[in-house]
Each structure stands twice: as C-alpha cells, then as structure tokens.
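What follows is a single structure, written as structure tokens, with notes after it.
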Amino acid sequence: LAKYPEIKTLMGPDPHLKWIVSGMVFMQLLACYLVKDLSWKWIFFWAYAFGGCINHSLTLAIHDISHNVAFGNKQAKWNRWFAVFANLPVGVPYSASFKKYHIDHHRYLGGDSLDVDIPTDFEGWFFCTPLRKLLWLFLQPLFYSLRPLYVNPKAITRMEILNALVQFSIDLIIYYLWGLKPVIYLIAGTILCLGFHPISGHFIAEHYMFLKGYETYSYYGPLNWLTFNVGYHMEHHDFPSIPGCKLPMVKKIAAEYYDNLPHHQSWIRVLWDFVFDDTLGPYSRVKRLCKLAKES
C-alpha cells in the first residue's frame, strides 16, 4: 500500500454483485420448475452439470458478501440478509455459519483449533492413499459442515436461526409447489459440486502446501469467471475488503509482488496431483499456534 496507494481505491462494494447473484438465484428457481417432471437420472445429471455449478458459485458469492462487498461495511445487516437470499438455491442453511467462522480463517490462518479450514488429525491419518483421498474429496461437504462443531464449537447465533428458518421455509414452498424433485435437485447439486467437481479444486488449491514454504496460492485460469475470482487467493488474503471483481487489478498494479510467486493454472490438475502425489494429502497444511486477538 505504501508503494501503490491506488490499491485503496479498489476497496469498497461491488455495485454489480447484487444483480449477478439475484439473476443466479432466480435462474435456479426457474430450473426447479423445469426439472419437476424429469426422471431421477436427469435430476442428478443436471444437478451436477448445471445447478450445482451455480450453487457452488453462490457459495463463493456468499464468501464475498461475508466481507461486506455487496453493500459496503456501513450496511452490514444488508450484507447478512443478502447472503441469506443468495443461500436459497443451496438448499441448506449456510451463509450465517460461514460468516461466523470465516472471520477466524482470515484472522488466524492455519491456527490450531481456530481455523476450521484445517483438516483434523483423523482426516490426515486416514485419508492418505489415492483411493481414500478420492473419497475424502467426495465427502468434503460433510467435513466442512461437521468439522467446526468438533474443532471450534461456537454458540448458535440469532442470524443462524433466522438463516435456517428462511431456508427451510423456501424449501417447503418449493416442495409444496413442484414436489420433491426440485428440492433434491438443489441439495444434490450442492453436495455433488462441493465435493468431487472441477470447481472444488479451489478448496485444495488455496492453502495446501504444494511447495514447501508456500501455504497460499492463487489460480489464474478460466474458472475464475464462474467463481467471483476466488482463484486470486493471495490477493484476497492481502486485501479481503476488495471485491473479487477487482482482484485482477491488484495483481496488475502490484505485479512485482505476485508474478514470481508459485500459482496454479488448473484446478483439475490440482485435484489429480492431490490424489496421486504421495507427498500431498489432508496433512499438507501449515498449522500454527495463534494467540486470540482481543475483541474491541
């Protein structure tokens, strides 16, 4: 920032995010109507090939919204409720809990018992062969949802309760209008595309230590177009208040700080290497002891 103060001008809300997310939500509601009479095999096909991609993208929009980039820091409640809206096609309540734990991921990156993004000792010990690592990738949604309850349990917040009430109410309305298949289409898409799917390569690419001494990596490939530039992960951790749409400008402005750092070009290659490289696995994370910051 001292060398490139113009980066500060990139901080602030993304004026387009609310419209893009709203379009994705309504697209999924339209899809619910369109799939209501399909056979089950096509329900799961479209859940994996289409709906799940949108749902995964929406979870990454929720990630951006958790940093208040939809309406800005002065409109925190608007951001929280818009995240609940973005959550609707996901099928299960997610946004409020994500916000609660994601703060710790940035504040205590790799922190033992603080950053719930770090796999447990059991995960590292058991999922250590190619077949087991492949199974672990399929089960990622399960571990991501249950791990916080074991590693760093926190009291349920009012926002989480409201998130759940709104989410399950919409699920029931969809079920009442169009039956069970659209509900399964939404939830199955979320589970499948947060598990073993090309987009899910970002879970591994971001912080698994592919090279010793480097714990955070960016990805500059085309899937950033579908994921709100979550691939620009080094840039995001440096400037979490900059919306995803402007992170490529950070790299362009401060190229000397990023161009020579190791990065990924393919999330599919990341998944392949993770499964078949014996030196990689759930243990391939930096874990550190962190002192709790004092809350102001």
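Yeah, the Cβs are placed from backbone N, Cα and C, and that goes for glycine too.
Copied from TrEMBL, the annotated features are:
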DOMAIN    1-16  domain 'Sphingolipid delta4-desaturase N-terminal'
DOMAIN    41-263  domain 'Fatty acid desaturase'
TRANSMEM  16-35  transmembrane segment
TRANSMEM  42-61  transmembrane segment
TRANSMEM  81-98  transmembrane segment
TRANSMEM  161-178  transmembrane segment
TRANSMEM  184-205  transmembrane segment
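A Cβ distance under 8 Å defines the sequence-distant neighbours of the transmembrane segment (42-61), meaning residues of its chain 6+ beyond its ends; these are 17, 20-21, 24-25, 27-28, 31, 35, 86-87, 89-91, 94, 98, 181, 184-186, 188-194, 197, 199-200, 226-228, 230, 244.
Across the domain 'Sphingolipid delta4-desaturase N-terminal' (1-16), DSSP helix (H, G, I), strand (E, B) and coil residues number 6 helix, 0 strand, 10 coil.
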